[in-house]
Amino acid sequence: MSEQIVTPESSTPVVLNNETKINLLDLNRQQMREFFKNLGEKPFRADQVMKWMYHYCCDNFDEMTDINKVLRGKLKEVAEIRAPEVVEEQRSSDGTIKWAIAVGDQRVETVYIPEDDRATLCVSSQVGCALECKFCSTAQQGFNRNLRVSEIIGQVWRAAKIVGAAKVTGQRPITNVVMMGMGEPLLNLTNVVPAMEIMLDDFGFGLSKRRVTLSTSGVVPALDKLGDMIDVALAISLHAPNDTIRDEIVPINKKYNIETFLGAVRRYLEKSNANQGRVTIEYVMLDHVNDGTEHAHQLAELLKETPCKINLIPWNPFPGAPYGRSSNSRIDRFSKVLMSYGFTTIVRKTRGDDIDAACGQLAGDVIDRTKRTLRKRMQGEVIDIKAI
């Protein structure tokens, strides 16, 4: 007899039969409980299975020893736990690891960044990106599609499984996740939010909401919607002290200018506990483009009403880019100006640049299926959030 379940991507029920299996990595806990209810099982069974999936990175129902054999057999008929596979691994001299992960016939990239007191995983949300930020390698690849929930949380699952199996090498377990990989997360809310819910869920990866960070270039209506959906730490890709410069290097600014963007940020902070009252400002340092002391004074004036800390990011080069990295002396002068205004200012340490895993260098393998007119539409207006 066929069963029906609602998938995260659609409100249309999918008929389960011998040819169709639900990937349980696509379901958050609420959806998992509904799925088990449709199987005639009690909701706590969903919690048990989620614990196996995420606490132990188990993808084999037969290994779930506290699940009865009848249910295990039923699950094998209608469901699967299928994370995307790693097809290439590169290791940096500084300990950073970059994985190329297959999503269908393409690849996205995921980066593991170990530090003394933490290990951060940088996760992708889309195959490519449509926003065309001029200093970012991903943006030069074009845009293909949004990642599914299973392809987003599957990056965390796969990395946790690899790191967990390598504990003897001293690799630190994942403590933080940043949605700063390939893509604009707010153009994929339908899948990004359930994936982050699994990251936060005690039966998922159980991360603190202060340890899950979403970074956005400024899709303002989607940012307003995010605040009603989930509470996570927020970082914003600002990169300029005025609209003239930002219009050039971050084209979405032509639709949602800095004032509009920062207004949405402040509205988000009013709803959020994860941010402890302030947002992280990301500012890539481009030589003689946005890195002068006059730009630092402008930035300080711009941000005086926005509680924040500022991350200055030395630009990481990629082939064909028209920019240069700011010198250490220019970055130092810029930082000192900001600190003189009382801003907490950090110069981000470049990690993984020898394997093209540093900020702005992720490229993956993207078949660009977004015509330029559609890219301009994505930059200039918000796509129906229900459709992304």
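Going from the start of the chain as shown, residues are counted 1 onward.
Glycine is no exception: its Cβ is also placed from the backbone N, Cα and C atoms.
In Swiss-Prot this protein carries:
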type	residues	note
ACT_SITE	E109	active site, proton acceptor
DOMAIN	115-354	domain 'Radical SAM core'
DISULFID	C122-C359	disulfide bond
BINDING	C129, C133, C136	[4Fe-4S] cluster binding site
ACT_SITE	C359	active site, S-methylcysteine intermediate
Cα-Cα separation of C133 ([4Fe-4S] cluster binding site) and E109 (active site, proton acceptor), in Å?
18
Let me know the most crowded of the recorded positions, choosing from C122, C133 and counting other Cβ atoms within 10 Å.
C122
Between C129 ([4Fe-4S] cluster binding site) and the residue listed as 'active site, proton acceptor', the C-alpha gap once rounded to whole angstrom:
13
If you draw a 10 Å sphere around the Cβ of C136 ([4Fe-4S] cluster binding site), how many other Cβ atoms fall inside it, taking every protein chain shown into account?
27
